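Enquirer: Annotation comment: TrEMBL describes His173 as active site, proton donor. Feature annotation from TrEMBL assigns AMP binding site to His173, Asn174, Ala175, Val176, His177, Asp214, Asp323, Gln374. Per TrEMBL, the feature Zn(2+) 2 binding site maps to Asp214. Residues or ranges marked as domain 'PDEase' in TrEMBL: 97-420.
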Amino acid sequence: MSCLMVERCGELLFENPDQNVKCVCMLGDVRLRGQTGVPAERRGSYPFIDFRLLNNTTYSGEIGTKKKVKRLLSFQRYFHASRLLRGIIPQASLHLLDEDYLGQARHMLSKVGMWDFDIFLFDRLTNGNSLVTLLCHLFNTHGLIHHFKLDMVTLHRFLVMVQEDYHSQNPYHNAVHAADVTQAMHCYLKEPKLASFLTPLDIMLGLLAAAAHDVDHPGVNQPFLIKTNHHLANLYQNMSVLENHHWRSTIGMLRESRLLAHLPTEMTQDIEQQLGSLILATDINRQNEFLTRLKAHLHNKDLRLEDVHDRHFMLQIALKCADICNPCRIWEMSKQWSERVCEEFYRQGDLEQKFELEISPLCNQQKDSIPSIQIGFMTYIVEPLFREWARFTGNSTLSENMLSHLAHNKAQWKSLLPKQHRSSSGGSGGGSPDHTDHGTENEEQTVTEDVAP
């Protein structure tokens, strides 16, 4: 049994995975290296911020301590130590649902394939454990536990790791968002044009990638990390910074939990690489790349889902759709998600203003209204992708339902625009001049690059 090498802040530790580790305090950047040699970031790997950039003379007296800034940046578990690694048994049992809400939550799970599934209600019924509960259920119903001979306790431990590594105080990028994306992915995996070709490995990859695609998200976007000279931006050379971090963190948790340790090495290497390919596809800056490729496939009618590469490409598209499907939900849920993501934008803008940084596009609460942001998002990002997804599915019932919700929700946001914006749009763009005027290519690029923290 090989040892696991952990690098952290210039210190080297050597652990045997089979040993009972009493306590491991992870500080700063944490990297795991296993037999495959693929770098992985471990739980609690909250990198250092360059406080010299933020600690300018104007606000140096207000900042106080580095801890305060870290809290403002929403790295709330900077000195978090893994409960599982410390050998502490969770107080809650492995029962998936609280007894008081067992019946209601179980009833909801029986309808998990319905598009009107209310993830907010489900999260309340499961006492904030929607991601763990949903994934355990889906792994079971898809037969993945039996097919891959997964240990249920180990699976539960891994999913708890994933759920805990989402930042609960993020208004949008939290475990509920991950559960919502996972439920959407489940719906897409059931589409007749895709379902008949999927292997158990495809299904497991799709669900795992959906669950972990935003893990350890700091609540700020890539441009913020770049302009604050953040460690992760330097590590990944300003390319898909957050997505790379989500992927490497997921690999770290898979190895730490030893969920797939019983599988052949070649298979686990392939799983890790494919998970990376799926998670990296969610980078919004690659939207046009994937959309252009999808359009070409559909135009040429050359998608062969019997081929593993074409099948993987459609899994990437499905995950991209699931990640931005909020505008395609019913209005009541879509509106909640819109308000949450804009609140996250505004928090970043307030932080940038406080430290005299340039306020990122869409993050200025005084200039960027929720309706204008959402109309731009729907127009430039969501509609083009979901129109092509509908073409792929042959205008399935689900696709038509989603496009119907999308049109309705866009009309709702247009009705909520300030009067001056509605009149200036002339009925064509429906958004503010800053972000949703259809006439300028630069504005489309702004929405594409800065639509999500």
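Placement of Cβ uses the backbone N, Cα and C atoms for every residue, glycine included.
Note that TrEMBL annotation is computational and uncurated.
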Enquirer: Do me a favour and check the Cα-Cα span between His173 (active site, proton donor) and Asp214 (AMP binding site); whole Å is fine.
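Expert: That comes out at 7 Å between the alpha carbons.
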Enquirer: AMP site residues His173, Asn174, Ala175, Val176, His177, Asp214, Asp323, Gln374: biggest Cα-Cα distance, Å?
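Expert: Overall maximum Cα spacing for these binding residues reaches 22 Å.
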Enquirer: So which one is it: of the binding-site residues Asp214, Asp323, which has the fewest other Cβ atoms within 10 Å?
Expert: Asp323
Enquirer: Per 10 Å Cβ neighbour count, which of the recorded positions His173, His177 ranks highest?
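Expert: The largest 10 Å Cβ neighbour count belongs to His173.
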Enquirer: Judged by the number of other CB atoms within 10 angstroms, which among Asn174, Gln374 is the least packed of the binding-site residues?
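Expert: Least crowded of the binding-site residues Asn174, Gln374, by Cβ count within 10 Å, is Asn174.
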Enquirer: Which chain-mates of Val176 (AMP binding site) that are at least 6 residues away have a CB under 8 A from its CB, listed by sequence?
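Expert: Correct list: Ile119, Phe120, Asp123, Ser130, Leu131.
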Enquirer: Counting only residues 6+ apart in the same chain, whose Cβ is under 8 Å from the Cβ of Ala175 (AMP binding site)?
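Expert: In sequence order, the residues whose Cβ lies under 8 Å from that of Ala175 (AMP binding site) (at least 6 apart) are Gly128, Ser130, Leu131, Gln163, Tyr166, Ser168.
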Enquirer: If you average per-residue pLDDT over the domain 'PDEase' (97-420), what number do you get?
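Expert: Overall, the domain 'PDEase' (97-420) comes to a mean pLDDT of 97.
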